[in-house]
Amino acid sequence: FCSCVLTQTILASCRDDKIYLNTFTKFPASQIYRLNKDEDVGIYQCLGSNSFGTIVSREASLFIYLPFCKTHRRNPVRVREGQGVVLLCGPPSHSGELTFKWIFNEYPSFVTQDTRRFVSQKTGNLYIAKVDPSDVGNYTCVVTNTVTKSSVQGPPTPLVLRVDGVMGEYEPKIEVQFPEVVPVAKSSTVKLECFALGNPVPTISWRREGGASFGRKVDVNKASGVLEIPYFQMEDAGVYECVAENSRGRNLVKGKLSFYAAPQLTEKPQDVQKTIDDTLVWECKANGKPKPSYRWLKNGEPLDHMEDRLQVNNGVLNITSLNLADIGMYQCVAENRHGRVFTNAELPIAPDFSQNLLKAQTLARQGGDVLIECKPRMSPRGIISWRKGKEALRENHRVTVLDNGSLRISNVTRLDDGLYTCVARNQFGVASSAGSLLVKEPTAITSPAGHLDVTVGESIVLPCQVSHDPTLELKFTWFFNEQLIHFGNLWAFFEKVGGRSSGDIMIRNIQPKHAGKYTCAVQTKVDSVSIATDVVVRGPPGPPGDCRVTAVTENTASVSWAPGADNYSPILSYAIQARTPFFLGWQAVNTVPKLLGGKQLSATVIDLNPWVEYEFRVLATNSIGTGEPSRPSKKARTRETPPRVTPARVNGGGGGHSELVITWEPVPEELQSGSGFGYVVAFRPLGAQGWMQAAVTSPEASRYVFKNESIPPFSPYQVKVGVYNNRGEGPFSPVTTIHSAEEEPSRAPGRLRARSVSASEVEVTWKPLAWSNRRILGYELQYWSERQKPDTASVIRTVGNKTSVLIRDLEGRCTYYVSLRAYNSAGVGPQSNTVNVTTKKPPPSQAPGKIMWNTSNSKVILRWDQVHALENESEVTGYKVETGRPSVVETNSTSLELSLPVNQDYVIQIKPFSEGGEGRSSRQITIPKIAGGLWRICRVMIPVLLCTSFLLSKAISKLYCCRFY
């Protein structure tokens, strides 16, 4: 076992450029050059390994002590006479114990500790309980590392008396105190510090809580500022109190000393020899406070507690069903928060074949090589030998026993058939295992390797015929460009077509992607062979490469590309396509030269729009077809030119008072030819010579409004709209004549009349207005009832020179008010005088009843009761009979004679009418058509039968000759 305990901590000076770490323990030792605080500080362990296993050492910690590197004078500390003061040391980061001293003014004058002055060996700070004038001066903290014996000085701190008075008396204030709980290791030395500031200077005393006495070994020194307990034991644990007092009062602090002990082993596991499937029990025990916990290592790594056969309980390791994987070096680690201890034990195993028997039967190909593996489990490693049958097997140029114990036979023959036994032995035992070797005829592929040349879309068969040992099963596997072919949905083009001794496959509808190397691999239990066939698929070209734009002008772009794969058929021609943000998909373009041959690798695209961003791609064509397009080129914008396209649909008219509104269809962005696109609007009165112009800077604009009080209403103007951009002006659109905004009509219509037509309709008439310079597009009629307000009036608009309107859906016997005004595109004119009209009474609400009908000769006679109007209804002036042909007959009586229906039923309804309109209709009745003999029967029967009773009329109704309702 190697020792790796680091027993020296290195002091690193700011000027050192190489630091060596030496150990004073037995070899091997660890040496670190150029110590780095961030990389080298930490926990180290040593690992020892041999053929029996691995163990790890206990841990060692490496710390690096860093001193002050620069000295700067500290700010003065100013206090009054009689006041207490604390001067801070501020030691550097360190490891191990430090001691502190303070220099007063100059070395070697050190501060002497007494009841008034105290140097803490915990923080390094200097405490002066009450400052005297003699204390004025410079104070320097000196830090000494007890491991390296090196000392460094901090920056000096000046102490200065203030002149603004003397500090009065005050009670003690304890500045140096120990923690509430101090853990102390068994047999170690503990020191408790306590010091107070105050005026007068406080006295310090120590005691145990509850009045317990100190042991004789306890030492109180340095003016009672330190309580020291050497060789700490359990009985020394408890609560300790520090009391500071003077004439002004007293103060107290206390803390608990708790006893602890690092683990110490009391029972260790011993080396033990076991066999396979045996059970191992090792027990590990240790004392310590707090009670130690246990963990186990195997070969330096934590044991896998997830295995069911392995259990660890309170230091006891139990492993059931031992196997070869369990051999090695084991370590028990007992630990608490104050330390850990290690103990080691070894587990060896005798030879065993139970888990790795020789194969019962090994197959070999005649003329080939065979390996019979022998893998017994044993520890330590022993000797392995072989037998064939009952004879020891001797090695020769064909038969070799390998270092791992396996048997290799080269150039196998039929004579090598037989039973082979592997024998393993070590100092703990011997074991053996046997298996048979059977020699088989080799497998051979009878199909020759080939080369196939096919065209896209064809179907081909790739052969794979073999000869083999009939006792062995064959397995055929196909590879395409060394990738395994899985026959199924993802490989739908491939299909197996071979029999038991054939592995032929068919490729249907072959594509360019199927070109490549196909390998048929044949496997048996003893050997494997393969054959490869190269397939060339001639198809449309692959996509051209490196499509790029090399130059652009206003209307052209120079495009170049690299040829793609020709797929075994020479490229005959190329085509270029383009797309822009303004149209969907790719479109063919014109090029120079017009036809691009198979050797052409650049061309000029023409007829492009200026200032448009284009992408281009190239497609190649051969005798088989056109292939996939190239990747699109980077976007390229053609150069700017003055615009060439004028706005479409220039028109106008309408608008507000004294306005000329000009409209057009905006020019699409792809036709604007450059940045800064806008419109030039030109206009002039019809017949004038000069043009007035205005610029519209928005390319999306579609109208311009010119307002001027001098513009006559509805005056003809000639207008045209031109275009421009940053490169210059373009052409104007053709001249169009429009009219300025017109003014609303200035006069109201005259002779407004209203006449009630019925209970729900009123006819309104008026005299039209004559046209002047103000158009009349129609009239707007408003009407409202006597129960409504004018601002809720209903509106009817006419178009053109119409002079009457029929208002419908009105209430009966109600007064309505009507007004009228003319309108045009500018608005409505003044309102006419208001007229009123009262609708007629409503028509009768009662429907005709008791409708009767009979036939006479070729006639049908209808009769019904007279309808009487109610008091609020208009009197009946007649009736309308609807026969459903359609036909309506009016009569002012309550009977009607109709022709008998022939080959068609009568569907009859009767409604009254009056000056208020039509009343409620009767229910529908049906008079059926009558034909042939039935009509003759009716002619004989009708003179005899009288419809005088309900029963008789009911009987006649069954003969369809007379019906009563």
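Just so it is clear, glycine is given a Cβ too, placed from its N, Cα and C backbone atoms.
Heads up, TrEMBL stuff is auto-annotated, nobody curated it.
Now, the feature entries from TrEMBL:
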| type | residues | note |
| --- | --- | --- |
| DOMAIN | 67-153 | domain 'Ig-like' |
| DOMAIN | 172-258 | domain 'Ig-like' |
| DOMAIN | 263-348 | domain 'Ig-like' |
| DOMAIN | 351-438 | domain 'Ig-like' |
| DOMAIN | 442-530 | domain 'Ig-like' |
| DOMAIN | 543-641 | domain 'Fibronectin type-III' |
| REGION | 625-656 | region 'Disordered' |
| DOMAIN | 646-743 | domain 'Fibronectin type-III' |
| DOMAIN | 748-842 | domain 'Fibronectin type-III' |
DSSP-derived helix, strand and coil totals, residue by residue, for the domain 'Ig-like' (351-438): 3 helix, 46 strand, 39 coil
Non-local residues, at least 6 beyond the ends, that sit with Cβ under 8 Å of the region 'Disordered' (625-656): 456, 539-549, 552-557, 559, 561, 564, 567, 575, 577, 579, 586, 608-619, 662-667, 671-675, 677, 679, 703, 705, 707, 717, 719-734, 736, 738-741, 825-826
Residue distribution over DSSP helix, strand and coil in the domain 'Fibronectin type-III' (646-743): 3 helix, 49 strand, 46 coil
Residues in the domain 'Fibronectin type-III' (748-842) grouped by DSSP into helix, strand and remaining coil: 3 helix, 45 strand, 47 coil
Helix, strand and coil totals (DSSP H, G, I; E, B; other) for the domain 'Ig-like' (263-348): 3 helix, 49 strand, 34 coil
Helix, strand and coil totals (DSSP H, G, I; E, B; other) for the domain 'Ig-like' (442-530): 6 helix, 40 strand, 43 coil
Segment-level pLDDT (mean, integer) for the domain 'Fibronectin type-III' (543-641): 95
Helix, strand and coil totals (DSSP H, G, I; E, B; other) for the domain 'Ig-like' (67-153): 3 helix, 34 strand, 50 coil
Helix-strand-coil residue split for the domain 'Fibronectin type-III' (543-641), DSSP-based: 0 helix, 48 strand, 51 coil
